[in-house]
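Notes for the one structure printed next.
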Amino acid sequence: MNARQTAQPELAGHPHFHYVDGVLHAEGVPLSDLADALGTPLYVYSRAALHAAWNTYRDAIGERPVLVCYGMKANSNLAVLKEFARLGAGFDIVSGGELKRVLAVGGDPAKIVFSGVGKQAWEMHEALMAGVKCFNVESTAELARLSDVAQACGRTARVSLRVNPDVDAQTHPYISTGLKENKFGIAIDEALEAYQTAASLPGLQIVGVDCHIGSQLTDISPYFDALEKLLDLIDRLADAGIRIEHLDLGGGLGIRYTDEVPPSPRALLDRVFDRLQARGLGHLHLMLEPGRSLVGNAGVLLTTVQFLKHNDARNFAIVDAAMNDLLRPTLYQAYHGVRAVVPRGGAGQVYDVVGPVCESGDWLAKERLLDIQQDDVLAVESAGAYGMVMAGNYNTRPRAAEVMVDGTQYHVVRQRETFDDLLRGESTLP
Ligand code: LLP
């Protein structure tokens, strides 16, 4: 903490967001200035925080053969993608739309993996023509479609099968993906047969084995439960004459929203490489698809208190951001820290922070001790991942603007939606 900083506590897990002279800053920019200049709700990202998160992976990897494909569903703003492209990242995409975004920022198609359970033929076609590195295939029906599409355009699709290892990621059920009851992947018991099918199809070339067991993992052990099962599979594939070049362990490393202590990329990688060596599979290349851990704590959502309302049971801070801006609290009962951009320093009261949308489920935070008044600006923490990308227009609310801070400068990286934007494409009957 430098001399100019007050005694405000740092934001949990947010490098590059801190209080200076009693005002919350992103890098060198006071968030109060951004709220004044650009209005709220406003997503604010820190370029330095994105780089810092990337460097955690880069430093953990060292010289080891690892390709990090940013799970861009977490935040697909072009400015965010461009930073990662500049840093040499690959991209994990799940739609033709995401492919277009990567190509729009000049991302390297040879570092793209295409994931997702429901790829359509046009999406496969565009990815093949772009020359993506690999398709993570989730069913035998998808293998057949991909082979057909590849043949029709004279290409060979490099494939990895997404295997469902049936492990419990010990996270929220909606973001747990590696259990039998989830729709994702090919059951590990059926994987060998699916690989044999893939090997028999003319448009495909097998290159990898893939899994993604869930998101916001705060315990490392589920990765290793999955890893051992995948390594057993790779051995069985070798016995069947099917050679694997890479292993993709998906994304999932958690971040600190409150007091979590998620595993570091280094802890994960060191142990994975130990296991690969121990199993005689040191030649395998590794891929990771982190989303949240690269962007989650690089962003906050600014919102302004509209009214304070008190009844017998509760105090409500009604703010101008809502579930349409940040869906995570109501969808997953997710915790996001909330704090005043310019704290008043009094004892405060316990508030539910809620939006203006006509739903009781429209809340951002529950039971938070805050000393606030009408018109105060609040920062909702850890909003860089699965924030703006999950925003919608419910109640005909334009989506927020997004701004990227870079040192003492800032750049609007998405304009606030206008009402004309909202009505575009709609019409009434003649
Ligand atoms: N790879 C695949 C195949 C995925 O399905 C996901 C996330 C990732 C990588 C990136 O995972 P991450 O590193 O971000 O955990 N909307 C939820 C999270 C859904 C995650 C979906 N898949 C949330 O707000 O918590």
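Cβ coordinates come from backbone N, Cα and C, glycine included.
As written in TrEMBL, here are the features:
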type     : residues                                       : note
ACT_SITE : Cys358                                         : active site, proton donor
BINDING  : Gly252, Glu289, Pro290, Gly291, Arg292, Tyr386 : pyridoxal 5'-phosphate binding site
BINDING  : Arg292, Arg328, Tyr332, Glu359, Tyr386         : substrate binding site
DOMAIN   : 43-384                                         : domain 'Orn/DAP/Arg decarboxylase 2 C-terminal'
DOMAIN   : 49-295                                         : domain 'Orn/DAP/Arg decarboxylase 2 N-terminal'
MOD_RES  : Lys73                                          : N6-(pyridoxal phosphate)lysine
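Feature map: annotations from TrEMBL on the structure.
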{"residue": "Lys73", "record": "N6-(pyridoxal phosphate)lysine", "DSSP class": "helix"}
{"residue": "Gly252", "record": "pyridoxal 5'-phosphate binding site", "DSSP class": "coil"}
{"residue": "Glu289", "record": "pyridoxal 5'-phosphate binding site", "DSSP class": "coil"}
{"residue": "Arg328", "record": "substrate binding site", "DSSP class": "helix"}
{"residue": "Glu359", "record": "substrate binding site", "DSSP class": "coil"}
{"residue": "Tyr386", "record": "pyridoxal 5'-phosphate binding site", "DSSP class": "coil"}
Gly252, Pro290, Gly291 as binding-site residues, winner by CB count within 10 A: Gly252
Gly252 (pyridoxal 5'-phosphate binding site) versus recorded positions Arg328, Cys358, Glu359 - nearest by Cα: Arg328
Entry from the binding-site residues list Glu289, Glu359 having the most other CB atoms no farther than 10 A: Glu289
Per-residue Cβ crowding (10 Å cut-off), top of recorded positions Lys73, Arg292, Arg328: Arg292
Rounded Cα separation (Å) that holds between Gly291 (pyridoxal 5'-phosphate binding site) and Glu359 (substrate binding site): 29
Shortest C-alpha distance to Lys73 (N6-(pyridoxal phosphate)lysine) - which of the recorded positions Arg328, Tyr332, Cys358, Tyr386: Tyr386
Which same-chain residues, if any, lie at least 6 apart from the residue listed as 'active site, proton donor' yet have Cβ under 8 Å of it: Asn395
Least surrounded among the binding-site residues, given as Tyr332, Tyr386, when other CB atoms within 10 Å are counted: Tyr332
C-alpha spacing of Arg328 (substrate binding site) relative to Pro290 (pyridoxal 5'-phosphate binding site), in angstrom: 18
